[in-house]
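Swiss-Prot annotations:
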BINDING   37, 74, 105, 106, 110, 176, 177, 179, 180  coenzyme F420-(gamma-Glu)n binding site
ACT_SITE  38  active site, proton donor
ACT_SITE  107  active site, proton acceptor
BINDING   194, 197, 258, 282  substrate binding site
C-alpha cells in the first residue's frame with residue numbers, strides 16, 4: 001500500500017508552527033510526518049533549526065495516528081549513538097509503533113560548529129563506518145538487557161535502556177549512492193532518498209543496490225520500506241509555485257559544493273549564486289494536479305512505496321489544504 005507523508009522542514013519553520021502543521025496533516029489524511037535534524041539551517045537569514053528529538057515528543061502528544069520520524073539524523077558525531085538509542089526508546093515508549101529513526105552519514109554544516117567533528121570534515125569512509133557501528137550499538141541497546149560494546153568509535157559498559165518499546169525502533173538508512181543503499185537493503189528497516197536527481201540514479205544505481213543488499217540478507221522488497229522525499233512545489237497559482245522554490249536553493253548545490261561547508265552564511269552565499277533555472281530543476285513545479293500526479297507516478301513505478309512530500313513555500317497550511325484536495329486523491333489511486 002502506498003503511503004504519503006509530509007516533510008516538516010525544520011530549516012525553514014519554528015517548532016510550534018511545525019507541530020501545528022503536523023496536526024493538520026494528520027487531519028487531512030497523511031500517513032507520516034518526517035522532520036529534518038539540523039544544528040544549523042541551510043540559510044542564515046530566516047533559517048530555523050529546532051531540536052528534532054524534543055520536537056518529536058511534542059508532535060507525538062498532539063497526534064494520535066500519524067507515523068513520526070527523522071529524515072534524517074546523524075547519530076555519530078554530535079550525538080552519542082547510545083544517547084540516541086535512549087531518546088528514541090523513550091519516544092517509542094510514548095508512541096508505540098509510531099516512531100522511526102531515519103539516519104545518514106552526516107554533513108559538516110551540523111557537526112563542525114559544535115566541535116563534534118574535526119576540520120577537515122571526515123571523509124566518507126569514516127562517516128560510513130561510524131554509521132554502521134552506531135546502528136549495531138543502538139539495536140543491541142534496544143534488544144538486550146546489559147550491553148558492553150567495544151567498537152572502533154563507541155563504547156559502553158553494562159549499559160541498559162530502561163524505557164523502550166516492546167519492538168525495536170525501525171531504522172531507515174538514507175543513501176545518495178549505491179554503497180550505502182546496499183547497506184540499507186542489507187540492514188535497514190527502510191531506505192530513504194530524495195527526488196529530482198535523474199531517473200537513472202534511482203533505476204540503475206540506488207534501487208538495484210537496495211535489492212542486492214536485500215538478497216544478501218535473504219530478504220525481499222516486502223521487508224523494507226522504500227521511502228523518497230518528493231520535492232514538490234505545487235500551488236494553484238503558477239507564479240507562486242515557481243517563486244516558492246527559491247528558499248531551498250541550497251539543495252541544488254552539488255555534493256562537491258556542499259562538502260566541508262560548515263557555515264550557513266557561506267552556504268547561503270553559494271546558493272544565492274545559482275540561477276532560478278538551476279534551483280527549479282530539483283523540484284516538480286506545477287499548478288496542475290494531474291501533472292503533479294504523473295510526475296510523482298514515475299517514482300511509484302520505480303518501486304517506491306512511501307512518498308514524503310517536501311513543499312518549499314512559506315505558507316505550509318495553504319500547501320497542505322491545496323495538496324490534500326487536489327493531488328492526494330490522485331496519488332491514492334496509484
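Yeah, the Cβs are placed from backbone N, Cα and C, and that goes for glycine too.
Sequence-distant contacts of residue 105 (coenzyme F420-(gamma-Glu)n binding site), defined as residues of its own chain at least six apart whose C-beta falls under 8 angstroms from its C-beta, comprise 74, 76, 124, 127, 128, 130, 131, 180. Cα of residue 107 (active site, proton acceptor) to Cα of residue 258 (substrate binding site): a distance of 8 Å.
Within 8 Å of the Cβ centroid of the substrate site, not counting the listed residues 194, 197, 258, 282, the chain contributes 176, 196, 231, 251, 252.
In sequence order, the binding-site residues near the residue listed as 'active site, proton donor' (Cα within 10 Å of its Cα) are 110, drawn from 110, 177, 194, 197, 258, 282.
With a 10 A radius on its CB, residue 38 (active site, proton donor) counts 21 other CB atoms from all the protein chains.
Of all the binding-site residues listed here (110, 194), the one with the fewest other CB atoms within 10 A of its own CB is 194.
Between the binding-site residues 197, 258, 282, 282 has the most other Cβ atoms inside 10 Å of its own Cβ, all protein chains included. Here the Cα atom of residue 194 (substrate binding site) is found 11 Å from that of residue 177 (coenzyme F420-(gamma-Glu)n binding site). Under the three-state DSSP scheme, residue 194 (substrate binding site) falls in the strand class.
Between the C-alpha atoms of residue 282 (substrate binding site) and residue 110 (coenzyme F420-(gamma-Glu)n binding site), the distance comes to 22 Å. Separating the Cα atoms of residue 258 (substrate binding site) and residue 177 (coenzyme F420-(gamma-Glu)n binding site) is a whole-number distance of 16 Å. Sequence-distant neighbours of residue 177 (coenzyme F420-(gamma-Glu)n binding site) (same chain, 6+ residues apart, CB-CB distance under 8 A): 205, 206.
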